[in-house]
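As written in TrEMBL, here are the features:
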- 5-249: domain 'Cation/H+ exchanger transmembrane' (DOMAIN)
- 15-33: transmembrane segment (TRANSMEM)
- 45-68: transmembrane segment (TRANSMEM)
- 99-117: transmembrane segment (TRANSMEM)
- 137-157: transmembrane segment (TRANSMEM)
- 163-183: transmembrane segment (TRANSMEM)
- 195-212: transmembrane segment (TRANSMEM)
- 224-248: transmembrane segment (TRANSMEM)
Amino acid sequence: MRFALTSEAGLNDGAAFPFVYLAIAIALSGASGEPFFTHWLVVDVLWKVAAGVGIGWLGGKVMGYLTFRLPKRSGLSETRDGFVALGITCLAYGSTEIIHGYGFLAVFVAAVALRSVERQHEYHENLHAFAEQIERLLMMVLLVCFGAAIAEGSIFGALSWQVIVTTALVLFVVRPLSGWIGLIGFPASSQEKAAIAFFGIRGLGSFYYLAFALGQAEFEGATILWVTVCFAVLSSIVMHGVMVTPVMRQLDRGRPPRS
């Protein structure tokens, strides 16, 4: 379950960008009157997705070879240094952004390609542990800034019943329903599928997507958008944070013991 949620989060970070660009294209088209669909489809979907997947896959394979297949005297995997994960991330992201592809998608694909080179090597644990530590540090900084913004008071000045209803629909209807549909055919119990479908929003990346979109085009109701995203993230942090531990314990009790 944890792996499924982590994988989904990584893929979502890249897969969301075409829709962010679609919103930007619609806003710009509404202001200028120029058509947008062809450019969005060819450039923002086909080219940028292909570039992200291609560069990510190639970079992951090359780094996998350098990490696992070089002679032991020079193999990166023998160093046990988790900083390799940061280097792979920066290389995949930067290389893809240079050719105007989706860097987030490239990072996800590069990680998959790297793992495919040598699936069972113990060095993967070092990479995962280091990446998780960096993620938690960055998450802590973002949450502290988010909490300071909430304490300041103005962030929820435009909170309304429409925002609350929208958040409830996202947390209790849209996310679980779409998650359950996406898990059709996935080899897991119904309890695990329900848990995967329910958890996972949190959505701190939404801050970046919204800030990026508002920096590219003018949107009506920008304040409402910020309030909605902030309230959804806050609700997810509180609700999922409280529920995840007892739910995971219950799922662990229901699994057969390993022999």
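The backbone N, Cα and C atoms fix where each Cβ goes, and this holds for glycine too.
Keep in mind that what you see is a predicted model, and the values were worked out from it rather than measured.
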For the transmembrane segment (163-183), sequence-distant contacts whose Cβ falls under 8 Å of one of its Cβ atoms, 6 or more beyond its ends: 193-194, 196-198, 200-201, 224, 227-228, 231-232, 235-236, 239
Other parts of the chain folded back onto the transmembrane segment (45-68), taken as Cβ under 8 Å at six or more residues beyond its ends: 14, 17-18, 75-77, 84, 88, 91-92, 95-96, 99-118, 121, 123
Positions whose Cβ lies under 8 angstroms from the transmembrane segment (137-157), at least six residues beyond its ends: 204, 207, 226-227, 230-231, 233-234, 237
Highest-contact recorded stretch vs the transmembrane segment (224-248), from 15-33, 99-117, 195-212, CB pairs under 8 Å: 195-212
